[in-house]
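Chemist: Handing you this structure, nothing more for now.
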Amino acid sequence: MESTLTARDRVGVQDFVLLENYTSEAAFIENLRRRFGEKLIYTYIGSVLVSVNPYKDLEIYSKAHMERYRGVSFYEISPHIYAVSDNTYRAMRTERRDQCILISGESGAGKTEASKKILQYYATTCPVTDHMSTIRDRLLQSNPVLEAFGNAKTLRNDNSSRFGKYMDVQFDFRGAPIGGHILNYLLEKSRVVHQNHGERNFHIFYQLLEGGEQDQLSKLGLERNAQKYHYLVKGCCPRVSSINDKSDWKTVRKALTVIGFHEEEVEDLLNIIASVLHLGNTQFGEGEDGETQITTEPQLTYLSKLLGVDGPALREALTHKKLTAKGEEVSPLSFEQAVAARDALAKAVYGRAFTWLVAKINQSLAFKVSHTSIMIGSSSVIGLLDIYGFEVFQHNSFEQFCINYCNEKLQQLFIKLTLKSEQEEYEAEGITWEPVKYFDNKIICDLVEEKHKGFISILDEECLRPGEPSDISFLEKLEDTLGGHAHFVTHKLANGKTRKAVGREEFRLIHYAGEVNYTVNGELANQSVNSTAVICQSDNQILSQCFNREEVTTQKRPETAATQFKNSLAKLIEILMSKEPSYVRCIKPNDAKQSGRFDEALVRHQVKYLGLMENLRVRRAGFAYRRRYEAFLQRYKSLCPGTWPNWQGRLADGVATLVQHLGYKPEEYKLGKTKIFIRFPKTLFTTEDALEARRPALGKTIQAKYHRIRNAVIQSAWRGMKSRRKARRRRHAAEIIRKFIKGFIYRHYERCPENEYFLDHQRFSFLMTLVRNPPKSVLDKSWPVPPPSLTEASEHLCRLCMQNMMRAYCRRIQPEWKKQMEQKVVASQIFQDQKDSYPQSVPKLFPPVVHRLQHFTDLTNTPLTDYGVAVTKYDRRGYKARPRQLLLTSSFAVLVAEAKLKQRIDYAALRSISVSSLTDGFMVLHVPSEDNKQKSDVVLQCDHVIEVVTKLATMADKKNKVNISQDSIKFAVARGKEGVIDFTSGPELKVAKGKKGHLLVTAPQLNPR
């Protein structure tokens, strides 16, 4: 932390304890403002963290930041919520004592976000198993559920917590989270029935209407329009731009599943939510006899169904009351009383359902005790208290009174524990403790809670006395009992100047944080316990647990709301007293929720109400700065020749030598057993400035010494290292050569220690050669010669390699290319080494369909042509050449001339195909002479004879019926006669008729055999 003191003029100090003018509120706020301007939202007051809401996302909450603060001493790096979290966690692990973190501040200051950041830190950094992962997820998912049912949009905050929350996180002996428990305080039930302008009811109502499925809403009797519900329109703010109710509904439903809610429980819970909305729409009017009655029958029907109660009984409960005075009587309610009873029922149903919800979450978070857990010992706990800060509004009601009473108790606890920790540290270090004067607000706490004379006792008496108590009579009772108290004022008791600021139906309490006026209107009405006999008979499983039937039959008067809150607060204080506390004080910089804006008046108001100045004064009553000897000496030892560069004696003696050299006066410091205590920040600042001034000279000194020892020490060490490294390499090389030679001598023997290195080297060399130079293609037949021990393995590898290359090659072949390859294979089987013109046809592709045709021919009575080519047909008599087109279909071949079908040859009738072995393009198609449909054999000439014969043989399935003749080909002529084609070699291609009636064909021979 000391490293930032040199920049204190720009960013302030990280710890308010180091403020020179620590009693000045203006200096305190100016330090906050400087740090806020530099986006430094965290500052310490000793071990207390002050957090200013930035109203925007800062890049300081990543997992890398969590690791930066993990396991680091509290003051080593800049203030952060993670530093408090980690310090608390390590204290729990090392001291085996339960801890708690108290988070306070007014609405919008960032309390909920602070508690989320703490939980996220533990969830990320603590060790986790599968079971613990489930607990971790439930802990995190409890937040959106509690926010939906307990948070609302207010003028100050779009997601304001309207209840106090204390959460215990339970850890096992390894520091892993294994369970949790939540306590809730003072839910703002009045918000259910009334909201100020610009505010909303609890989030869950809007989430259900926006995100619920249509079938679900129809079943609940609801419409997807918040404007139709009386309890949702009073604030005139059904939608908020920063809130996505539909998306939040999905989050809540998922969270309920993760936590472990059953579908039946969720259905009962939603029935209660819907019933509250229907209660708000229940209207009253006057009947013929002037009695109050319900005028909205559909609402009553839905209410009886959703609440699981009898309709007539519910009607009776909303319009009449029972009086117990010399027997039970039923008295009708006036219109105003009926509306109040309806609202009271809505608040009671919602409030108790919220309590049940918290209890259900606690069941899912509860640590399940097992045999293993008993064996490993007890667990430890870290508590998180997210509580409302001191509140002062224009009109302050009973709820503000309870909130401020709670803050009085916490302030009392805070000051006591702060003084206690200070005194314990002083005593542990052997420093004399000087009593600190501070304002003890016990007098205010006693004013509220003292038996028989306190505010709550007077309120209880007024509620219990016979007759009809009123708010004015309660105020008069307060004036009679508390009239002489210095911290209590009413309009009647005030002097002339104060009387103008206190209304006739108000009283003023002078709190530690300031004066607050409270109204007594509705004070007594707030104390009744809003439960009715009819709800105790409910079939709804949740309500049957919330409203105990013994409440109806018992004769004992229930406690008032004020007494209930006092008792729950006492239990909370008892819990906190049993733990080691840490504190987070949250401040909001402006009311407009704008980033970068710092409202000094608003911040001053919160500094006062949070008691930060009082805390700072207590912390500074003794010594402002204290550090362990080793840390202090390590940082400042360069300022004293006696301690630089290293101190060899006791740490305490070294620190004493250092401070004497620095000229510390006796009243400026004290030396404890393990720490030095410095009274004034100015002393520390002077020391820090001296260190800053010393650093340039220190750097030069170190550099000079380095230059002096570089040649002597560094070069000597470097030469020695190089020599040792070279000697090691030589020894290693000699050993390798020796092994290699011995192995070469024994290479033909069985594997033994003498030859194992050589054989391994042979294997390695062969495999590396194979890795570096594998065959490049399927045509590459090269393969390295293996050593004898790898002959069989080499054969397997070669086969696998070729298989892989073949498989890869086949996968890359396109369908068109595959067809070409298949035709080329057929051509090779027929003509290879048989016909001279075959080698020239190998590199040429066979074209698809009728690509060889000079002119497209339309055959209307033939199937789709698969292939066509121009040919020359020779007559059987006279051998006259005639141009034709040969078309191949799937089942026959046809000869066409000038769009006329000249001859059709069915593939089934085709007996064979004859060609010569020369380079001519002649081919003879042999057909049965006895078939009347055919005209005997067909003599054709084509420039693409290899291609035509291949395709024809393939399509007609006559690949084995292709005859290749070297001298002559005989063919059938009509009437059983035969014709002959004689083939001879010559310089060029000639076709002529011979003397014997033979057809003479002369063709060049390219490949003489």
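Placement of Cβ uses the backbone N, Cα and C atoms for every residue, glycine included.
TrEMBL labels come from automatic prediction, so no person has curated them.
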Chemist: Could you tell me which of the ranges 63-85, 569-591, 730-752, 799-821 is annotated in TrEMBL as region 'Actin-binding'?
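Modeler: Range annotated as region 'Actin-binding' by TrEMBL: 569-591.
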Chemist: Using a 10 angstroms cut-off on Cβ to Cβ distances, just flag whichever of SER107, THR112 is the loneliest among these binding-site residues.
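Modeler: So among SER107, THR112, the binding-site residues given, the one with the fewest Cβ atoms within 10 Å is SER107.
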Chemist: From the centroid of the CB atoms of GLY105, GLU106, SER107, GLY108, ALA109, GLY110, LYS111, THR112, the recorded ATP site, which same-chain residues not already listed sit within 8 A by their CB, in sequence order?
Modeler: ASN53, ASN157, SER160, SER161, GLY389, CYS586, LYS588
Chemist: Return the count of C-beta atoms lying within 10 angstroms of the C-beta of GLY110 (ATP binding site), excluding that atom itself.
Modeler: 23
Chemist: Let's check the environment of GLU106 (ATP binding site): how many other CB atoms sit within 10 Å of its CB?
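Modeler: Around GLU106 (ATP binding site), other Cβ atoms within 10 Å: 23.
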Chemist: Would you count the other C-beta atoms found within 10 angstroms of the C-beta of LYS111 (ATP binding site) for me?
Modeler: 27
Chemist: Taking DSSP states H, G and I as helix and E and B as strand, how many residues of the region 'Actin-binding' (569-591) are helix, strand and coil?
Modeler: 9 helix, 8 strand, 6 coil
